[in-house]
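Enquirer: Before I ask anything, here is the structure I am working with.
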């Protein structure tokens, strides 16, 4: 394991030059202190977890110190926000400190969010507040633990720096990690500003560093776009299968790597609600839970438009046509597994759709239903779950279909079925009310709840002794919370 001063930097994006980013130094926080750190994320940098408790850790990730090899840059990009094009966005409060490569040869971006004003801050102050930083940290690590591709979070650093939002809050910084911070909006920026040389340089950078296997294909850029389409179809299938609502699927929040990126007013479903809107600024429901699937395709089409200098329109349309079939196949496979099924039948999609319709009409907890379905043999499990439903006749009909489907699935033992279902159906998810409780404690100076919640969520499929309160339905006040974008 390494100490902080032993990290090895290789700042490949910074070498693209000033057309792609601007050199900016972080603005230090007052009295920086560790709120929470992720040992799993630290391991990706080969860092000894104990260094998180040292003063220099808070100073480095609180903007007071920099590695000599770091090259902090604010990236420029644009994007479609709620369907309308915004010509210039960029890192308004975040800095790419540099790229570190570990002993396995992996490169990781170190991106400091809340690092102060940049040329792209527009009307903002360049700061992030403690509550939004905690939410991003918890979500990044929780999604990774669920097997959902996501950026990672190394730590949150709190402070005494005052920041004004709807009220005065305390500033914080979160250190985000990813193999790249390039977004769909990077390509849109150079396309719409008519900078073909930079557009080509960016495309080569992404192809060579992040999709090198596509270089061997007859049409490398088309192969790369197809891979991006496939990754996004798989990602959004996992969002839908696990009830994750992103909240702000603007193209500047879409990673070129097909990972969950830029956490804002996100939420996991409590009761199943296909039309749930987690962002209270989304008045028309553009980014509602059920709309995430078509919006994913819309965003890919926006990226495709920006790639027309390199790829023919017909080829792009053909690649975009892969998205929905790939999404549907991935989603149905995940839902079969959540139902404990190991084989495929033609009517499985109808079985899933009928269940979700019943859950919607009865307000059934999405996560706990699937977990409890695997606790006992199918016949006993559906009997115990029956009382959660209002339409008893409808549920009874579904239960008979499900039991017959399980019977046809094979002669696996109940122990195997239970282990299989518990391996894909989490007991613990990041419910908004749990995050809110942890944030309230942290804002009063007690970081123990944030750390405990992070620890629980790092093992979402394992029953953890003494942690029953994290595996319960939310109280009435905690259901379907809508979250502000102000962060």
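Heads up, the Cβ atoms here are built off N, Cα and C, so glycines get one too.
A quick note: this is a predicted structure, and the numbers were derived from the prediction, not measured.
Take a look at what Swiss-Prot says about it:
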type: BINDING; residues: 90, 92, 93, 113, 125, 126, 176, 183, 262; note: ATP binding site
type: ACT_SITE; residues: 252; note: active site, proton acceptor
type: BINDING; residues: 253, 262; note: Mg(2+) binding site
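Set these features in their place in the structure for me.
Expert: For the recorded site, residue 125 (ATP binding site), the DSSP three-state label reads coil. Taking a C-beta cut-off of under 8 Å and a sequence gap of six or more, residue 125 (ATP binding site) has these contacts in its own chain: 93, 117, 163, 164.
Under 8 Å, Cβ to Cβ, and six or more positions away along its own chain, residue 252 (active site, proton acceptor) finds 77, 78, 79, 80, 81, 86, 89, 183, 184, 185, 262.
The Cβ of residue 253 (Mg(2+) binding site) has 22 neighbouring Cβ atoms from other residues within 10 Å, across all protein chains displayed.
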Enquirer: Tell me the Cα distance separating residue 176 (ATP binding site) from residue 253 (Mg(2+) binding site), rounded to the nearest angstrom.
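Expert: That separation, Cα to Cα, works out to 14 Å.
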Enquirer: What whole-number value in Å do you get for the largest C-alpha pair distance within 90, 92, 93, 113, 125, 126, 176, 183, 262, the residues recorded as binding ATP?
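Expert: Roughly 23 Å, rounded to the nearest whole number.
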Enquirer: For residue 90 (ATP binding site), write down the residues of its own chain that are at least 6 apart in sequence and whose Cβ falls under 8 Å from its Cβ; none is a fine answer.
Expert: 74, 75, 76, 77, 118, 119, 120
Enquirer: Under 8 Å Cβ to Cβ from residue 176 (ATP binding site), same chain, six or more residues apart: give me those in sequence order, or none if nothing qualifies.
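Expert: Within the chain, residue 176 (ATP binding site) has Cβ neighbours under 8 Å at 94, 109, 111, 112, 113, 136, 140, 151, 152, 153, 154.
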